[in-house]
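**Student:** Next up is a structure, given as structure tokens.
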Amino acid sequence: MSAIPSSNKRRTIPELRARKGKSPIVALTAYSALTARFVDPYADFILVGDSLAMVEHGMATTIGASLDMMILHGQSVMRGSEKAAVVIDMPFGSYEASPQEAYHNAVRILSETGCSAVKLEGGSHLAPVIAFLTARGVPVMGHIGLTPQYVQTLGGFKIQGHSSEQQDKIKQDALDFEAAGAFSVVLEGVTEPLAREITDNIAIPTIGIGASSYCDGQVLVLEDMLGFNDKVPRFVKKFAHLGDDIKKAVSDYATAVSNRSFPAEDNIYRPKS
């Protein structure tokens, strides 16, 4: 299957990496062409996150996202965007077995979507995989701290970095990802001082989600910041309350259909005289 044509106006990976310590990088998730069109004019990169398993498919965790699912949604986002770089999550089980398998699956994502890069979750044990991919031309964004694909191991969606052991591990994860060739690293659900220290001590941009305003950029799940859901993590700020607007619109529609005020004269076709 051929890739979706990619705009030559898109942000590039070298451009994103060069933003280290400069103006903050703006990122949001998108899972469809429709949402990508709204995000694209304002984002430096769009993340097609495996969070789509929960947001779009109603799953309890991100673990159920499949490679084909990520590719399908990635293709849709590529069709709906022109300016932003597009980074696609490699789903759970698609890169852990061996560097060779990770490369095969990463190439599928890149070639079938035309996206800019892939993202991997984990820790220092994945450094050889990242090195293998980057040595073969696959741009990689890392993801450390609270890693949703490891939710079973972590015992839930728990903030990381409270203990000295966690802090030392996450700092080493960041250093090892940088050394392996990752162009950026997402810091999710970590204590603010830890995020600040990591940002100061690596030469690649840090992208925070529940981390620190001191990070080199921020990313949020679009549906969370738009207020689709009543309950969101503490680190989310709702910039709108579209969930309430949608409920009202659907309720008004149902009422209009029930009392036959819709369709009205403006919504129907009369025979031409």
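Quick reminder: no glycine exception, Cβ is built from N, Cα and C everywhere.
Note that the structure is predicted; figures quoted are calculated from it, not measured.
So Swiss-Prot lists these for the protein:
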BINDING   Asp50, Ser51, Asp89, Lys119  3-methyl-2-oxobutanoate binding site
BINDING   Asp50, Asp89, Glu121  Mg(2+) binding site
ACT_SITE  Glu188  active site, proton acceptor
**Student:** Under DSSP, is Asp89 (3-methyl-2-oxobutanoate binding site) helix, strand or coil?
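**Tutor:** Its secondary structure by DSSP: strand.
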**Student:** Take the mean position of the Cβ atoms of Asp50, Ser51, Asp89, Lys119, the recorded 3-methyl-2-oxobutanoate site. Which other residues of that chain put their Cβ within 8 Å of it?
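**Tutor:** Here the nearby residues are Leu47, Val48, Gly49, Leu52, Thr62, Ala65, Met70, Ile88, Met90, Pro91, Glu121, His143, Pro148.
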**Student:** Would you mind reading off the Cα separation of Lys119 (3-methyl-2-oxobutanoate binding site) from Glu188 (active site, proton acceptor), to the nearest angstrom?
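**Tutor:** Between the alpha carbons of Lys119 (3-methyl-2-oxobutanoate binding site) and Glu188 (active site, proton acceptor) there are 13 Å.
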**Student:** Sort out the sequence-distant neighbours of Ser51 (3-methyl-2-oxobutanoate binding site) for me: same chain, 6+ apart, CB within less than 8 Å of its CB, listed by position.
**Tutor:** Thr29, Thr62, Pro148, Val221
**Student:** Check the recorded positions Asp50, Glu188 for other C-beta atoms within 10 angstroms of each C-beta and report the one with the most.
**Tutor:** Asp50
**Student:** So which one is it: of the binding-site residues Asp89, Glu121, which has the fewest other Cβ atoms within 10 Å?
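**Tutor:** Fewest other Cβ atoms within 10 Å, among the binding-site residues Asp89, Glu121, is found for Glu121.
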**Student:** At the Cα level, what's the spacing in Å between Glu188 (active site, proton acceptor) and Glu121 (Mg(2+) binding site), rounded?
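**Tutor:** Glu188 (active site, proton acceptor) and Glu121 (Mg(2+) binding site) have their Cα atoms 10 Å apart.
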**Student:** For Ser51 (3-methyl-2-oxobutanoate binding site), what is the secondary structure state per DSSP, taken as helix, strand or coil?
**Tutor:** coil
